[in-house]
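Annotation comment: Swiss-Prot describes ASN18, LEU20, GLY45, GLU66, ASP91, ASN112 as S-adenosyl-L-methionine binding site.
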Amino acid sequence: MSNKVHLGHTARKRFGQNFLTDGNVIDRIVGAIAPDNHHVMVEIGPGLGALTEPVAEAVDNLTVVELDRDLVERLHHHPVLKDKLTIHQGDALQFDFGQLSVPGKKMKVFGNLPYNISTPLMFHLFEFAEQIETMHFMLQKEVVLRLSASPGCKAYGRLTVMAQYFCQVVPVLEVPPHSFTPAPKVDSAVVRLLPYAVKPFPCKDVTVLRHLCTTAFNMRRKTLRNNLKHMLSDDEFEQLGIDSSQRPEQISVQQYVAMANMVCDKKA
C-alpha cells in the first residue's frame, strides 16, 4: 500500500495533507490544548480525526472547518464523532471565524495545519484575535521559529512582528517527520499563540502597521531609511529614537508600532 494512504484515505498533495499518527505526540498536543466546555472549541483541518477524537471526548461540541469533501463525508458518518461535531466544509482562509463566537465564550482554535497555507492562515486568524483565547497549531518548524524569533535573528520578519503584536508566542514541542503519514520532508513543531487581552503596544491602525511591515521587509538587506523613505523622514526616525541605518530585522515590535502610529498621526 502507498505510504500516502492512511485509514483508507489517500493524502492529497494539493491540500498539503500529512496525517498525524504518533499517539504520544497526539496526547501531548491535546494536553496543551486543554479542551473544555467553557470555550468554543474549533479545529481547522481535522483530517482523519487524530486530534478530533480525543478533543471531542472531552467536550460536548466541537466545531471543525475542513476543505476536503471526502473527509467531511467521513466525519458526517463517523460512529462516535458525528453527534458531537458541527462541520463547516470550506476553505479556512476564507472562513469567517467570527460567526462561531458565543456571548461570554472565547474560542480555543487548534489544528495540524497544511504547511502550504499556514502563513496566510495566521494573518487571517489574527483578524479574530479578540475572540480567541488560545491557538495551538502544528506547523513547519521553520514557521514556528519565525513566529517566535527575536530582533536580529534571520528568522525575524513580517510574520514575527504581526504575530507578536497580537499574541504571546510559545513553542510547545518539536515533532519529527516519522510522526506523520505520509512523512513530510521537513521537521514540524507545535506552537501556542495567546492573544493579548490588552496589547502591550497598541497600534492606532493595524492596517497601517501591516503595510509598514510589508514595505520594510520587502527588501531585507536594505536599510529602514531606504525602505520607508516614502513613509517616514529622517527627522521622524530621530523623533522616535530609531536608527534608520538599521535593517528591518533589527527593529523591535514596539518600534514598528511606534513608526505605524507616527504614520497614522500624519494622516490625521
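Glycine residues also receive a Cβ, built from the backbone N, Cα and C atoms like all the rest.
Shown on the structure are the features that Swiss-Prot records.
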| residue | record | Cβ contacts under 8 Å, 6 or more apart |
| --- | --- | --- |
| LEU20 | S-adenosyl-L-methionine binding site | ILE26, GLY47, ALA50, LEU51, ASN112, MET138, VAL175, SER179, PHE180 |
| GLY45 | S-adenosyl-L-methionine binding site | VAL65, GLU66, LEU67, ALA92, GLY111, ASN112, LEU113, PRO114 |
| ASP91 | S-adenosyl-L-methionine binding site | LEU67 |
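Its Cβ taken as reference, GLU66 (S-adenosyl-L-methionine binding site) is surrounded by 26 other Cβ atoms within 10 Å in the chains shown. Cβ neighbour count for ASN112 (S-adenosyl-L-methionine binding site) (all protein chains, 10 Å cutoff from its Cβ): 26.
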